[in-house]
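Beneath this line is the structure, given in structure tokens, with notes to follow.
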């Protein structure tokens, strides 16, 4: 990505941020706290409020510094002193969102701080006008069609300054943001990497870089600075790339070295458990986080997703009311209320709140995906497709949006499109059985039964959360008249259901017992056939067949019909599914490249 020469060349410009240097590890927490307090002030001066808040929260989690260790603010340069009046006035206008006015009074300033605020004010002015035009003239699904008209001018000016080595770490960050907005991804990555070398303490640059990394291979080729901030970046990107085990190891390491009181790290761990669907663990961590930081709004939409999945209506209602009292105009609050109405099956109201969230922040990923789900519930497939596509525009790593598009095209009976989107979802979540089952169903519809069998088998091997894969595989074997394999799958399905203490509410349980009863009957295994037939009598849809089969077995026994001599034990575990030959070993590697729409 960014060449070392370019990093060195830009490093000379970093002198505009005096005193900002980092240590490579966590051996000196006092020094790290000083750095965090310093960068919190520097980002606040430049209007980078989210980065300032992140740094301040992290600093707060570390032990307090003695008076002798507290550092004074960096001294003013000659250029800063000349621009101090214009900067002070412009910053006041900036803080009340009068961006054009701020830029007007900063025009011609020479200090790097004033220059950054001048360019950033112009950028935010363009963003504000774009959002205002979007809200006034178009529905929320059309946001991507309105552009920030200031971007091209900003790119030309920042590029000229960059070539002249006149950008400090903050200027590089803004240049990268402009490039990303213009979809110049490779150039943006190079610039963000430079920004992390020049000013490694600025979390905003790391976060922007994180949003552009699409896979682990891409991450390997980045030339990143050797600093403790890199550990926070890696933990975050691992979570985003669904590499949850690696992410949790990183966060545990950060806790061990001294950040155990960081609400940011605790929330990220909860998000990681949410991503691997360890719902109980994630709920427990979020509840503990709410006790420690009761007015926190960040990540509460993720917490509401967990409450939604568990159908915890009263808890979700309490959370929605609580967040409304704190700040009802936050994006996360709107998403929580949307989830609350969705759980109550009031999908029109839910979609309305997700639209409100998007008016507040058009790039808020969760709202696009959740709105797509609501449109699916309302059978509005065209609107759902638009919403999911916008989610992918915001973040191509969002497997839920790819999966949602697959479901939508499945409803529209367009299997080739459906296959493409399910494959993209599977690439992002290779060990998620839901993606594999969906792929298998798609291959079935395309009559690619070998690929379908691979998918169902793999879904079972990685841990079938919905208990569907074995039944679907069994039915596929039935269709191919592979009776022994079908019986093995049904037996394993029954054993799995009973071993985990499931009730008899599974829809396919009666199907499994009916097939096994008939299979054992054909094999003249009267005891096993009789056991399965008796089980069939417990279900309404198979009761009569079970009784009829029991009568036939009794009649054949009375006639002296003898069972087969090689009778296995009841509900035997076939060798192919035994503990010493697990499904994971038998399943062939999944090749999903055979069909390309």
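Using the three backbone atoms N, Cα and C, a Cβ is placed for every residue, glycine included.
Marked as N-acetylalanine by Swiss-Prot on the basis of similarity to another entry: 2.
Long-range contacts of the repeat 'TPR 6' (263-293) within the same chain: residues 54, 57-58, 61, 235-236, 239, 242, 244, 247-248, 251, 254-255, 299, 302-303, 305-307, 309-310, 465, each at least 6 residues beyond the stretch ends and with a Cβ under 8 Å from a Cβ of the stretch. Summarising the annotation, Swiss-Prot assigns repeat 'TPR 6' to 263-293.
There are 20 other CB atoms within 10 A of the CB of residue 273 (phosphotyrosine), with all protein chains counted. Swiss-Prot lists 273 with the feature phosphotyrosine, giving similarity to another entry as the kind of evidence.
If you look up Swiss-Prot, you'll see 400-432 marked as repeat 'TPR 10'. Beyond the ends of the repeat 'TPR 10' (400-432), by six or more residues, the same chain brings 242, 368-369, 372-373, 376, 381, 384-385, 388-389, 391-392, 438-439, 441-443, 445-446, 462-463, 592, 595-597 to within a C-beta distance below 8 angstroms of the stretch.
Among the features that Swiss-Prot reports, repeat 'TPR 11' is placed at 433-466.
Under the heading N6-acetyllysine, Swiss-Prot lists 467, citing similarity to another entry as support. The Cβ of residue 467 (N6-acetyllysine) has 18 other Cβ atoms within 10 Å, all protein chains considered. Following the DSSP three-state reduction, the secondary structure of residue 467 (N6-acetyllysine) is coil.
Among the features that Swiss-Prot reports, repeat 'TPR 13' is placed at 504-540.
As annotated by Swiss-Prot, phosphothreonine applies to 562 (among others).
The phosphoserine annotation in Swiss-Prot covers 578 (among others) and is backed by a large-scale study or a structure entry.
Residues or ranges marked as phosphothreonine in Swiss-Prot: 582 (among others).
What Swiss-Prot records for 588 (among others) is phosphoserine.
Per Swiss-Prot, the feature phosphoserine maps to 593 (among others); the stated evidence is similarity to another entry.
Swiss-Prot lists 596 (among others) with the feature phosphothreonine, giving a large-scale study or a structure entry as the kind of evidence.
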**Prompt:** Which state, by DSSP, holds residue 273 (phosphotyrosine): helix, strand or coil?
**Reply:** helix
**Complete:** Expressed in Å to no decimal places, the gap between the Cα atoms of residue 273 (phosphotyrosine) and residue 467 (N6-acetyllysine) is 21
**Asked** Mind checking how the repeat 'TPR 13' (504-540) divides into helix, strand and coil residues in DSSP?
**Response** 25 helix, 0 strand, 12 coil
